[in-house]
Amino acid sequence: MTSQEKVPLQVQLSLPQILSRRDWENPQITQYHRLEAHPPFHSWRDVESAQKDRPSPQQQTLNGLWSFSYFTQPEAVPEHWVRCDLAEAKPLPVPANWQLHGYDAPIYTNIQYPIPVNPPRVPDLNPTGCYSRDFTLEPSWLASGKTRIIFDGVSSAFYLWCNGQWVGYSQDSRLPAEFDLTPYLQAGSNRIAVLVLRWSDGSYLEDQDMWRMSGIFRDVKLLHKPEIHLRDIHIMTHLSPEFTSANLEVMAAVNIPSLQLNDPQVTGSYQLRVQLWLADKLVASLQQPLGTQAIDERGPYTDRTQLVLRIDQPLLWSAEQPTLYRAVVSLLNHQQELIEAEAYDVGFRQVAIHQGLLKINGKAVLIRGVNRHEHHPQTGQAIDEESLLQDILLMKQHNFNAVRCSHYPNHPLWYRLCDRYGLYVVDEANIETHGMQPMSRLSDDPSWFSAFSERVTRMVQRDRNHPCIIIWSLGNESGHGATHDALYRWIKTNDPTRPVQYEGGGANTLATDILCPMYARVDEDQPFPAVPKWSIKKWIGLPNESRPLILCEYAHAMGNSFGGFARYWQAFRQYPRLQGGFIWDWVDQSLTHHNDHGQPYWAYGGDFGDTPNDRQFCMNGLVFPDRSPHPSLYEAQCAQQFFQFSLLSTTPLVINITSEYLFRESDNEQLYWRIMLEGESVLEGSQPLNLSPESSQCYRLAEKLPTLNKPGQLWLNVEIRQPKETPWSPAQHRSAWHQWRLPQPLFSPSSDLTNATAHYAPQLQHNLQLQHDLQLQQDEQHIKVTYQQQCWQFSRQTGRLAQWWVADKPMLLRPLQDQFVRAPLDNDIGISEATHIDPNAWVERWKKAGMYQLQQRCLSLHVDHLSHSVQISAEYGYEFEQEPLLHSHWVYRFDRHGRMTIDVNVRIATSLPAPARIGMCCQLADISPTVEWLGLGPHENYPDRQLAAQYGHWSLPLEQMHTAYIFPSENGLRCNTHTLNYGRWTLTGDFHFGISRYSTQQLMVTSHQHLLEPEEGTWLNIDGFHMGVGGDDSWSPSVHIDDILTRETYQYQICWQYKV
């Protein structure tokens, strides 16, 4: 047969002829000549290699350097490029996004499409990447069988040529495109060419909240299959009601030439064998010929068979105990010789919704989930195994058991790793039309049905053999249309073993088995007109509603956020049908960029000149781009921990521990406990933890509380560690912790802050000598209080402590003064698009009220001589446009020990929105390498985000007191502090503090972390009260009322001392 007889006529079309059809603007054309979807194949030629998952010689990677040429539109590509490289071509790695290699620009938008909305049309100026590479095939490779090329991910559409002949076309950026290259190949050197379009009609279905980039960004490989080969394999497990036995059901289809399909003697000569292995032990085996199961009165499918193996006492798979078997499916010829084998990891597990509860192996599961985009700061959407594994290990270490593939099918290796390490997965179709108006515009349009359908059905066909996948998702934020209902029914018919979820149209349509709202709040209704978001507690109690509720997105972790997260987990544990959710989201989607000096920094929307853009809204992660943790990650870890604690009594000291594991014995846990006195251990111990799943046990720690030789507050700290390393954690990994303030201290602590009875001296005289060298000097401009080498100097004009001298050295660069504002958080700004400003956002309310432009006046200044101290009282008024807004009254007391105690009373006008903080700030001249404190720590914490913080004595380098959020904002607070030591400074009281080299003003005006410049000295913020950070979402005020400063008056007290 001649080459031309082998090749379909279409490949004879020229490049201009192919492009003139504009397939990328036709939603009913999603592919030409692409092979049907199936699970990943390796085509092993021996069973042992398949069973042990060895590299297959039948696969050949095409990753590496390709030749690349860039054009602004496809019509500009020279026709001869399909046969030979262009002179201007340069090497480009595959996989990669070309925008990260100097071509075109990445674009970050959330909702708004990056192109004019005119579906299915896209701009004529359509960036186009022309890839090519040569590869060599030995004659033996081509002697028999078929060769396929597999593209695991190309954005957004592409055409393929081999040796100058057109092979096919495909779109859908996140699923494999596989083509038969057999007719086009030759022994020796071969050339493939790929023309990739940035925009296609598929781009209207890929409007996810992410960087919009393009190119061949996943693996490319060749696969050699025999002429007769396995075409599809579907593996299901069915467990008995008592979970004591299971059936392994394998449905396999074989590719047989069509002329032989109706010949039972031919098809019956091929046999399928399934062998099930547990490690190196063969557990079960079954073999039978094709075409043995009658389908109807006309007989069986002659190219398929179904094998069912019974397994007694199977070891079950769960995220807690991800026990995997290995199923080897072999195709044999009539002589019982192996033609080829495929193999898959198998987990025996059951997913069901029963009595309103999502259950895994009969147990109601609490989803400790997170949304995850495929993102790497250097390589963008090209993710390697090291990065995938890093994410999984971090998730497991921080008590996550589930991940939602937001919002598209992930790299095939992701699912294998989730199978092996144990994470429940929501696999989501690559569909989002958030920028459409209405969102359901395309899902209700029959001409788009094929485009929608293939993205759902091909995902299921590729991924359905993975035990980690417990839920299918129809996509994200695409409204609710007839297409969704049809695809829901398709999944339920083709995979009845898993539920389906879909949030669009209000999270409770007939196209979802699970109520899966996003950003619904615990107790607060959001009654939007078309799709109301009820509080999660209310939602599960609505009439005729019996489905479980699992939030598909919640706790928007944008920047300094995540306030109120613990409230969700209180509700999850209280109401069984509230079964958890998926935090938004895992990683800050920032890309590494370089400034004019070649220095790298983390960039966000707009930094690449990209238009439109949504600025920093891409950075919502629990981890920074390099996977270092945000403080909020610890909050998630603590709230989601699998052990819960309660204090039963103090004499004897008894606690109760409850295991929330459903399947796992606590056979690698050690309980450690300590009784702490003001941060120091006075009694401690440890013992093994032996808890069965879902059980509780009491632990007697001590017969009584210890006798102390000094006063103070006692605390009981407990934590659980894993003595041995696990596949996902190192030895001594801390998995759970808790702390109690014990009911009563053994002594009543003395306080330097208690107001002693004041004995006023006779009339104050200038230059008066007080006891113990405490001196007072006054003139028309200043008031000075001196003690030994220290001098406190007040300005009569401002009423402020203008300077603190020590041995004639100034200690203050900026005076001590009130502080009522903070550098706005993303949650304070309250916007989801760069062009929309929410007038209800906190920052807008503060701006309108004049909080950032307050005019300060000293209303009064009085000096009093007491018997053992000097007292200075000052009143300050703050107004905006002549309207009084705030009034503060400071009382300074200087005592015979060289201490300055400040009592602050603040009164707030009823017309003023609640301030961000009630506190003070100053700029210290000193820079000390270390900060020590007694209070909540060690990481950053805020009034509504302190579940994971513990009271204790902490010490950190100064630079670690600043949290380097990429978009600068208020950060670094430590709450409930009683003592702060910084260099020679000591502060005592009950306060929150933040300390760094950056002022609030600089944080307010700087757009990126790398642009911050350390200032002279150290900025110290002391807060008596601080508003919460919020975090239910980031586009509406989300700080809970309990964490808002709503009172009219506030009072706090601080004692300062400098150790000379």
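Cβ coordinates are placed from backbone N, Cα and C, and glycine is handled just like the others.
Feature annotation from Swiss-Prot assigns substrate binding site to Asn110, Asp209, Glu477, Glu553, Tyr554, Ala555, His556, Asn620, Trp1035; the stated evidence is sequence analysis. According to Swiss-Prot, the feature site 'Transition state stabilizer' maps to His373, His407, an assignment based on sequence analysis. The Mg(2+) 1 binding site feature in Swiss-Prot is assigned to Glu432, His434, Glu477. Summarising the annotation, Swiss-Prot assigns active site, proton donor to Glu477 and lists sequence analysis as the type of evidence. The annotation active site, nucleophile is assigned in Swiss-Prot to Glu553 on the grounds of sequence analysis. Per Swiss-Prot, Mg(2+) 2 binding site is recorded for Asn613.
Structural mapping of features recorded in Swiss-Prot.
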{"residue": "Asn110", "record": "substrate binding site", "CB count, 10 Å": "21"}
{"residue": "His373", "record": "site 'Transition state stabilizer'", "CB count, 10 Å": "22"}
{"residue": "His407", "record": "site 'Transition state stabilizer'", "CB count, 10 Å": "25"}
{"residue": "Glu432", "record": "Mg(2+) 1 binding site", "CB count, 10 Å": "25"}
{"residue": "Glu477", "record": "substrate binding site", "CB count, 10 Å": "21"}
{"residue": "Glu553", "record": "active site, nucleophile", "CB count, 10 Å": "25"}
{"residue": "Tyr554", "record": "substrate binding site", "CB count, 10 Å": "26"}
{"residue": "His556", "record": "substrate binding site", "CB count, 10 Å": "25"}
{"residue": "Asn613", "record": "Mg(2+) 2 binding site", "CB count, 10 Å": "25"}
{"residue": "Trp1035", "record": "substrate binding site", "CB count, 10 Å": "20"}
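Within the same chain, residues at least six positions away from His434 (Mg(2+) 1 binding site) with a Cβ under 8 Å of its Cβ are Asn110, Ile111, Asp207, Gln208, Asp209, Asn476, Glu477, Ser478. Restricting the recorded positions His407, Glu432, Glu553, Tyr554, His556, Trp1035 to those with a CA within 10 Å of the CA of His373 (site 'Transition state stabilizer') leaves His407, listed by sequence position. According to its DSSP assignment, Glu432 (Mg(2+) 1 binding site) is in a strand. For His556 (substrate binding site), the nearest of the recorded positions His407, Glu432, Asn613 in terms of C-alpha separation is His407. If you compare Cα positions, Glu553 (active site, nucleophile) sits closest to His407 out of the recorded positions His407, Glu432, Asn613, Trp1035. Comparing Trp1035 (substrate binding site) with His407 (site 'Transition state stabilizer'), their Cα atoms are 20 Å apart once rounded. Between the alpha carbons (Cα) of Glu432 (Mg(2+) 1 binding site) and His407 (site 'Transition state stabilizer') lies a span of roughly 8 Å. Largest Cα-Cα distance over the residues recorded as binding substrate, namely Asn110, Asp209, Glu477, Glu553, Tyr554, Ala555, His556, Asn620, Trp1035, equals 18 Å. Here the Cα atom of Tyr554 (substrate binding site) is found 15 Å from that of His407 (site 'Transition state stabilizer'). Tyr554 (substrate binding site) falls within a strand segment according to DSSP.
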